[in-house]
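Novice: Just dropping this structure here.
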């Protein structure tokens with residue numbers, strides 16, 4: 001089922017002109033990004049503009065490099081790459097061999113917020129390395145080139161305290177013949193790895209993605225705390241996320257059209273899966289592909305309450321060639337530690353009925369509350 005997300009306003013709206021955001025992200029992240037005292041505010045019309053603005057912010061007034069950055073940044077992006085996105089859509093199998101395009105934010109810890117204006121779009125990614133306090137909001141990422149070069153839409157490496165909020169990320173849930181490793185027509189929507197922790201992923205609309213996201217890249221990269229809330233995943237294959245160890249809190253998400261597997265909890269990780277809506281989903285909660293060190297989950301107040309609901313919501317299961325655990329009995333296998341932040345989840349039914357009005361871009365960063373569920 002294709003979800004059509006309505007726009008909250010027409011035309012180009014400079015979202016950065018809104019009041020300073022609160023650091024309560026509804027998850028483990030506690031950052032305002034660059035939207036703090038002393039911030040320098042810039043407008044970018046292109047990927048290169050963003051790169052140049054960030055590079056300039058690494059230097060003091062004398063042109064000397066400052067460790068961690070010279071000042072916090074708020075970058076408003078108003079570029080439009082719809083033509084590149086459309087060309088990529090018309091040449092799906094030609095994208096993976098192209099060079100990856102992206103903005104690398106490396107070793108910047110002063111804080112950066114990148115926020116798109118309504119109507120903006122990007123055919124490039126944003127890649128974080130050894131940085132902290134980064135916020136990415138209202139960005140529309142489509143059909144990233146460079147699948148063979150790890151051309152993710154958003155990549156978070158060695159970077160704590162990140163908020164990914166109200167974005168749209170999309171491609172084609174399809175694999176072209178001859179791709180590198182057999183699965184790189186397009187790379188990930190959001191990969192979080194290499195000791196990155198305290199990350200909140202919220203109110204994003206992610207569709208047509210084969211490999212949605214990693215939480216950890218190896219069996220030794222396991223310690224992180226991540227929150228995924230109020231996201232819509234539509235026509236996606238797997239990795240919602242692929243969790244290697246650590247803790248994941250997934251609440252008030254809508255999962256529809258999962259073609260391989262959903263939340264894959266591995267390497268002794270634990271996930272609190274709370275008040276989500278699952279439909280038309282294959283293996284929505286599982287631990288597979290490792291063959292050992294299974295993860296565990298606590299299932300709390302989702303629309304699916306027992307195996308009796310599987311047929312109603314078209315929930316199906318299959319086996320793996322290695323040892324695996326599926327949530328086929330729809331029972332909790334672990335107990336999640338207390339959640340250390342405040343959050344106010346709505347019912348799973350409200351997620352189904354109302355979330356499309358709030359998730360994704362061009363929604364003026366609106367959030368879904370119980371008052372909106374009536």
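Placed from the backbone N, Cα and C atoms, the Cβ positions cover glycine too.
Annotations per Swiss-Prot:
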type	residues	note
ACT_SITE	239	active site
BINDING	150, 152, 187, 191	Ca(2+) binding site
DISULFID	93-176	disulfide bond
DISULFID	350-373	disulfide bond
SIGNAL	1-22	signal peptide
Novice: If you count other C-beta atoms within 10 angstroms, which of the disulfide-bonded residues 176, 373 is the most crowded?
Specialist: 176
Novice: Would you mind reading off the Cα separation of residue 350 (disulfide bond) from residue 239 (active site), to the nearest angstrom?
Specialist: 24
Novice: Neighbour count, 10 Å Cβ-Cβ cut-off, for residue 150 (Ca(2+) binding site): what number do you get?
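Specialist: Cβ-Cβ neighbours of residue 150 (Ca(2+) binding site) within 10 Å number 16.
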Novice: Taking just the CA atoms, what is the gap between residue 93 (disulfide bond) and residue 187 (Ca(2+) binding site) in Å?
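Specialist: That comes out at 13 Å between the alpha carbons.
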Novice: Can you tell me which of the recorded positions 176, 239, 373 is spatially closest to residue 191 (Ca(2+) binding site)? Compare CA atoms only.
Specialist: 239
Novice: Are there residues of the same chain, six or more positions away from residue 239 (active site), whose CB falls under 8 angstroms from its CB, and which are they?
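Specialist: Residue 239 (active site) has long-range Cβ partners 188, 211, 212, 213, 214, 261, 264.
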Novice: Three-state secondary structure of residue 191 (Ca(2+) binding site) from DSSP?
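Specialist: For residue 191 (Ca(2+) binding site) - judged by DSSP and reduced to three states - the answer is strand.
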Novice: Roughly how many Å lie between the Cα atoms of residue 152 (Ca(2+) binding site) and residue 176 (disulfide bond), rounded to a whole value?
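Specialist: Rounded to the nearest whole number, the Cα-Cα distance is 17 Å.
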Novice: What's the CA to CA span in angstrom from residue 187 (Ca(2+) binding site) over to residue 176 (disulfide bond)?
Specialist: 13
Novice: Looking only at Cβ atoms, how many others are within 10 Å of the one on residue 152 (Ca(2+) binding site)?
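Specialist: Other Cβ atoms within 10 Å of residue 152 (Ca(2+) binding site): 26.
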Novice: Within 10 Å of each Cβ, count the other Cβ atoms, then let me know which of the disulfide-bonded residues 93, 350 comes out lowest.
Specialist: 93
Novice: Within 10 Å of the Cβ of residue 187 (Ca(2+) binding site), how many other Cβ atoms can you find? Include all protein chains, please.
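Specialist: Result for residue 187 (Ca(2+) binding site): 25 neighbouring Cβ atoms inside 10 Å.
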